[in-house]
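Colleague: Here it is: the structure, laid out below.
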């Protein structure tokens, strides 16, 4: 992509002039609220499916199976294809919607994609809250999925384009922070509504999804579009004015020219979906597929989707299972804050690797603890002390995910694509994420019934694979301007082979453009750009 910066041997980029302005901070906070709808749904589904009034109305077979014989195999009590379809239908809808969202995001801008997602999610929440049968329930879930698909496609890209390079990780992880807030809020609401008599409890839980939907729908109306999107759609002067405002300086020439050069190159790409499979985009394409694929195979959805069901299955009572889900939600929230503080200091790779090791250990320990008590028969119970250790290691696992694969699974794919294929690349990221979220959500209860405690070893094995993948193939991207990211791949020991000499970054004529105020011109201005070695 466009030149104009200097990338050192550690992958850090010489930033453009400018600072983190309050305007950027508040717009990023508002945009990040798009994560609330995704998080709220993740948290609410598991709690609602643990409520007797919900199960007896929509899934009576599961309800009677649970109540009929308390000595039944604990691993298989909730195994129901229809019940998992309720949860997972949202993610299949999100997968399909993300492809349409790519076009909307590119042609109309990022903010309108957020607005569309919020409105659709709002309608889906209303349908679920007033559901009278399973068909109405699943129709509502599909609309929720469309909303999630649009929000997840547009929000991470918006955050990455608005943020200054050295704060991009911190601001982008605001999206994951909002997801964790949504999960925690849902867990707290489930705990409260489970006390209500009749069907009002689950109706309130499902209907309150309208609140985060309204927040992002209304908030998006007040958001400015990114300079990258404005230039891409032919509004160069508006983009210059917006860039000056969000960077808080008049010295935006270098960054503006790089974005403009990237836009000019993007206009030569008539078919981004066809171009994205070209050899020179292979590193980004591989990451946009494997990172979301691996993110779902961490096993986090085993905990977050079905936390109340899972804790209930391993012997906790109704209240205890919901309280445990609230505890994991709190751990998830505060651990995400750790990532916000450290991601632009330590970098992406260190957090990925440390979190991976932590999750591997916890999956093995939790699987062993459950296996010792329930074996392969599923017969057994947990004492208070034993249950405490199970929850403790699950919380340590959640913490590892929350400061590594959780936020970075959205951050890294959103920052690595050049402008000409950015919307298509993010759609691939979202669609792969949703596809495997769907598969895991659909298969989890059946896998738990068949693999039993070995399910935790299964996910632990995948965490080992993905941690090795990161160690070998992901270069460090912290601090690198988003339009300079190609330099990171060109300097990587493996990915450099996919670039020819002429693939040096498109708008190479901008290399050496002055990047500081005239009075602060550094001695690096005009020097040849260095290749990073990662």
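Note: Cβ is positioned from N, Cα and C throughout, glycine not excepted.
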Colleague: Looking at 201-223, 224-246, which one does TrEMBL call transmembrane segment?
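Modeller: Checked against TrEMBL: transmembrane segment maps to 201-223.
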Colleague: Scan 112-131, 252-271 against TrEMBL and say which stretch is down as transmembrane segment.
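Modeller: So the range that TrEMBL calls transmembrane segment is 112-131.
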Colleague: Suppose you had to name the range TrEMBL annotates as transmembrane segment; which of 45-67, 137-159 would you pick?
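Modeller: Within the set 45-67, 137-159, TrEMBL attaches transmembrane segment to 137-159.
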Colleague: Summarise the model's confidence over the domain 'Major facilitator superfamily (MFS) profile' (27-478) as a mean pLDDT value.
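Modeller: On average, pLDDT over the domain 'Major facilitator superfamily (MFS) profile' (27-478) sits at 83.
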